[in-house]
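J.: I have a structure here, written as structure tokens, and I will follow up with some questions on it.
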């Protein structure tokens, strides 16, 4: 039964009952007319003047020819030569139905569904052809043999949608008390040979994007794009001169205004810290003239020639020392070990540190070259010439012997070594512990500087203790250059570096606009008691600073890690004390030898005083026993501290569990 007539697509909808179920179907009119010729309506077709009149069954033939041409145009295929209909007077009308009978049946029996399927198939073929052309074009631009080819294509497509506005020398230099910037280095030869991918994008002068590869449960790979914002962002094409122009150069004038300036490079081993601070490397040889050390010295001597500073008669001195495993060594004095003490005025003094007077940039370059040749370094998986210590180069201005200003340029050790606190090698553990502690303390000191806090936890590490005067005072300025590696293999360390730098910069905003900000240095008495009970430490200045430092970084420092840091600090203090006492005993032993030699010479006399000899010898022996016993007890305590450090290193949890 026909239920409806669809004039739009020239079809009818029919329904029937089969086994008690109502079923329906859509049938086009052409199929109905071909199966039921008696239903074809009688229409008078006017003959065209250009074509001969149709044969007897004009309606049928016209429809057949029309439909056959329609099908041919859809398939874009010419009909067979034998089935062509020639519009000529010579064509025999009797052969027309025979030639088109097969096409008539096929064309009229195609439903709308079949036609739609054919259209979809045609579109699908066009789409596949376009995708194939696109793949061929991509294969010309990128290396399809790369194992991370899929990630590489996703990164390239994402970068294609960005609007690039990189930092240029024409951009203005903003005034910051704390300036944080990021520098990206290019891929090195090793990363290129390993076909590592560049996952760092710097689209503008203050934005850094990290394309972190991730994998879903079904093993589908995708990108997680993380964005960070800083004061300045330098891409891999920025030279040292450009980095210096926006970072350390604005700080040079600070030291002429009786201020303290600090510029330090922070990042993973091999990310370009020493290259930025010291200069270009050619193998193990370094061109010191292109580093921030030399560029800052050049501007210092240029400023000295200005009339308003020339009349001050300032003297320029320089020091260069390193901090390795909590110990300070003078790089300009054959790596002599130095002691860091605090005088009665609470001023930190580096005992024995040599200051060299410099008259020109060439003198500075010589000192840098001497210091770099002595600096502690080693070969790692990331870098063939890896720095394992914090190097501090200071340009000091003095007026008539008194301190006028100081510029501290610091090349920090690789931040990834801070994860080596659970290593089986004690020396590696000490390196990691000192780096970990000094970086946390350095961050908190900058936070205190940015918030104008009255207390700075500089005693928490040897690095911040030496740089105490750079974090105190209204005329103190700091610049941080976070260097990052672009390779996908370094993605985790790069994110850690950027998070550290981002946390430092967050603290420079107005605390009233920063939302919920907890006070970090002033705890009520009961809270101090709670902290002492929780961390189990006494009340010495160094331990208090270390305790508060760990409390402010509770998500990064577990109680076990704090215990380890405490054990390391105690062990280092005891080591210094034991070595100092041993040196004193050695000097005393020389005096004992002289006294004993005099006693023995006295016994060679004929009538020497036996009572005097015995009394003096007994006194010498008692003094020896007392001093050596005291030294032995300290050595035993020192060995116990070594055991405690080893036990504490085995119980470290990297992160403190969050409160539920």
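Note that Cβ sites are derived from N, Cα and C of the backbone, with glycine treated the same way.
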J.: I'm validating the feature mapping. Which of 574-613, 614-653 is tagged coiled coil in Swiss-Prot?
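T.: In Swiss-Prot, residues 614-653 carry the label coiled coil.
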J.: Under a three-state reading of DSSP, tell me whether residue 270 (ATP binding site) is helix, strand or coil.
T.: coil
J.: Here are some binding-site residues: 268, 269, 271, 274. Which one has the most Cβ atoms within 10 Å of its Cβ?
T.: 271
J.: Would you please pick out, from the binding-site residues 267, 270, 272, the one with the fewest other Cβ atoms within 10 Å of its Cβ?
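T.: Lowest Cβ count within 10 Å among the binding-site residues (267, 270, 272) is 272.
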